[in-house]
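A quick write-up on the structure given underneath.
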Amino acid sequence: MRRILPFTLSLFMAVPLLLFSNCRVLISASHSGLGPPRSEFMENLLDKTSEQNYCSLSGIISDACCGYKTVEKINDELFPQLHGLVKANFFKYYKLNLFKECPFWTEYGQCVNKACAVETIDETDVPEMWRSNVLGALRTSPAGPLFQPYKKCEFKEQDFCIVEDEADVESVFVNLLENPERFTGYAGASAGRVWKAIYEENCFNSAPTTNSLGGKSQPASPIKKTNLAGIFNNIANQPDVVDSDTCFEKRVYYRLISGLHSSISIHICNEYLNQTTGQWGPNLDCFISRIGSHPERLENVYFTYVVLLRAISKVSDYLKGYEFCTGDKVQDSEVKDMVNQLVNTAKSIPGTFDEKQMFASSQSSLLKEEFKARFRNVSKIMDCVGCDKCRLWGKLQISGIGTALKILFSYDDEFFNPKVNPNLLTRTEIVALFNTFHRFSESLKAVECFRHMYQQRVRETSIMRPHDKPKVCIRELV
């Protein structure tokens with residue numbers, strides 16, 4: 001039994017990138033959803049980069065321990081493994097609450113495009129052990145329903161985000177493969193307000209959107225629709241950079257948020273709806289305007305990738321001992337083998353990110369708590385997303401990055417003994433972690449496709465080798 005959730009206003013599908021420098025909102029006009037890039041912009045860019053290997057980064061990734069080319073080689077090996085893994089039942093079914101009210105402002109947006117909808121599945125179609133009545137029964141106390149020793153808070157001290165509770169009766173199961181992250185064609189004040197609130201959590205010297213206990217403070221100020229175009233035009237040329245004197249921990253925080261936003265933009269451009277033909281496919285102009293002309297954004301995608309990779313490497317022993325149970329012994333065994341292969345590959349890779357550099361000083365305990373509080377608030381802001389499909393992928397990927405941060409900064413290596421701590425991570429955290437890593441892996445593969453498309457356009461513009469066959473894009477590998 002399937003049902004379609006109501007349509008609501010989009011967040012991520014045609015939304016501007018909001019970037020902060022000194023905690024000032026920097027919104028690029030090319031990300032505003034106000035229309036395609038001007039033809040003269042494209043012509044100038046082609047002229048300036050015709051002799052360059054467009055969007056091909058080299059050297060060491062700043063704040064990391066490896067280079068861009070190394071990451072691309074690693075991804076060539078890991079991507080096929082991830083692509084197969086997320087198709088398994090254990091990883092394709094995700095349960096989350098899509099109906100939480102926005103804790104910061106009232107959201108009235110209504111989407112009229114079916115692309116915003118999420119198709120859910122009935123609990124009878126998932127393994128019995130995952131159903132809320134079974135999980136809820138495990139928490140029932142012999143003393144009666146009024147005595148709730150197992151009732152838990154929204155988060156534990158170790159959590160960097162709000163973890164989805166699979167026993168929540170208001171949560172729904174979603175088949176991620178049937179609800180791909182892609183373009184929906186909507187933007188506006190609602191979308192801008194959400195990203196503005198998310199990036200305001202980067203301002204460590206100001207009060208967070210909420211306190212660490214989840215209580216409300218002043219809501220983020222909305223961007224008025226009448227002023228949105230003017231804001232885009234006024235600050236379109238601002239650089240996407242962080243101050244050079246920003247401490248390592250704050251740079252990491254900013255780069256993770258920017259990397260997520262940039263990866264989402266890549267997916268949108270790679271799965272773009274041609275409203276004339278009705279066909280989905282890669283849109284080079286979209287990629288150039290949102291990512292290609294802003295190299296810092298692409299750099300942050302690589303950076304977030306290596307942080308996720310390091311987390312999977314660190315938690316590899318725990319994952320090897322984890323029981324990936326769906327009730328199908330044959331598939332469970334296959335998934336176990338696939339996970340073991342992937343984590344063995346991840347663990348064999350030399351250092352990619354050194355988490356021990358963060359929160360290392362005796363004075364950093366307060367900074368770590370603020371880091372956690374602000375990232376938790378970002379996961380709460382996701383409940384303000386109007387578009388159901390955008391909310392789904394936003395919540396999942398914030399949870400995936402939050403799980404990686406939890407692995408890296410909340411536990412020492414000895415905690416990842418599955419016999420001693422068998423319930424260190426929930427199923428939803430593991431599903432979110434691997435699906436988020438897969439999304440970033442897909443982003444890097446899509447960049448290869450766009451790189452080739454760009455060079456093809458340069459050659460055709462120069463009347464050079466117009467007969468070259470374009471490279472197969474990632475969307476055709478699904």
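Quick reminder: no glycine exception, Cβ is built from N, Cα and C everywhere.
Listed in TrEMBL as the disulfide partner of CYS387, from the options CYS384, CYS390, is CYS390. You'll find the Cα of CYS116 (disulfide bond) roughly 6 Å from the Cα of CYS387 (active site, nucleophile). Here the binding-site residues are ARG182, ARG290; the one with the fewest Cβ atoms within 10 Å of its Cβ is ARG182.
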